[in-house]
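Positions annotated as domain 'ABC transporter' by Swiss-Prot, on the basis of sequence analysis: 5-253. Swiss-Prot lists Gly37, Pro38, Ser39, Gly40, Cys41, Gly42, Lys43, Ser44 with the feature ATP binding site, giving sequence analysis as the kind of evidence.
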Amino acid sequence: MAKRLDLNDVNIYYGDFHAVQDVNLHIPPKAVTAFIGPSGCGKSTVLRTLNRMHEVIPGAYVKGEILLDGEDIYGPKIDPVAVRNTIGMVFQKANPFPTMSIEENVVAGLKLSGEKNKKKLREVAERALRGANLWDEVKDRLDKPGGGLSGGQQQRLCIARAIAVEPEVLLMDEPCSALDPISTLAVEDLIHELKEDFTIVIVTHNMQQAARVSDQTAFYSLEATGKPGQLVEVGPTKQIFENPTKKETEDYISGRFG
């Protein structure tokens, strides 16, 4: 079951550097929320805090609350690995395990969790590949290396790997930036289907993509280089693109800066 996320007074730091300040944001379930904004504004940084991925960077920490259906994912008794199973991540560059087979790629997370039943692993692989709209393209070569797929297929393989562990939320950090237009369209179509089962947050530099795939858009910016990024405006995507309330948002959407 998809879950909501709520960010309350979130501030993100890398050591002494204040990267993002005072973010308050509601991310609804079974919808796509897009993060947009100029480079360096903190949108990918915020995305990575949503499943504690930023913690792999020494000195990184968060102040404030990030709640998943009301539970603080930074609570003292919360296991970061469990958070990352519940809130999956798809990265900018497709990163399948190149020497693993297609099927092994999809079920890698389950195997790490101790699942050994071959029948169940095969069933999960098929379900996840179907969910990623990839099954019909690879069903006759599941034993072939994942690294042998095209770029667009590799990205959908990574999406299949993410959804195989049945997360509640799916984070996507510029998932189409390295793809050709046809592969991009395939991933965008997939995002529309996935939101029926998952809460989705996507970072994108592509304004047209944000307008096409998202239900809600959050615009981030920063006053100057070296200053913290901040959430300027959030609202329904149609409103943000057609009638934003902040001039800074309008300037960015219209291409006057960024």
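Cβ coordinates come from backbone N, Cα and C, glycine included.
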Review point. Neighbourhood of the ATP site (Gly37, Pro38, Ser39, Gly40, Cys41, Gly42, Lys43, Ser44): other residues with Cβ within 8 Å of the Cβ centroid, in order?
Key: Thr45, Tyr220, Ser221, Leu222, Gly229
**Study point:** Mean per-residue pLDDT computed across the domain 'ABC transporter' (5-253)
**Key:** 94
Check your understanding: Among the binding-site residues Gly37, Pro38, Gly40, which residue has the largest number of other Cβ atoms within 10 Å of its own Cβ?
Key -> Gly37
Check your understanding: Once the chains shown are all counted, how many other Cβ atoms turn up within 10 Å of the Cβ of Ser39 (ATP binding site)?
Key -> 9
Practice item. Could you tell me which of these binding-site residues, Cys41, Ser44, has the greatest number of Cβ atoms within 10 Å of its own Cβ? Key: Cys41
Check your understanding: What three-state secondary structure does DSSP assign to Ser39 (ATP binding site)?
Key -> coil
Revision key, fill the gap. For Lys43 (ATP binding site), the nonlocal same-chain Cβ neighbours (under 8 Å, six or more residues apart) come out as Phe35, Ile36, Gly37, Val203, Ala218, Tyr220, Gly229
Study note, to complete from the structure: So Gly42 (ATP binding site), by the Cβ count within 10 Å over all chains shown, scores 22
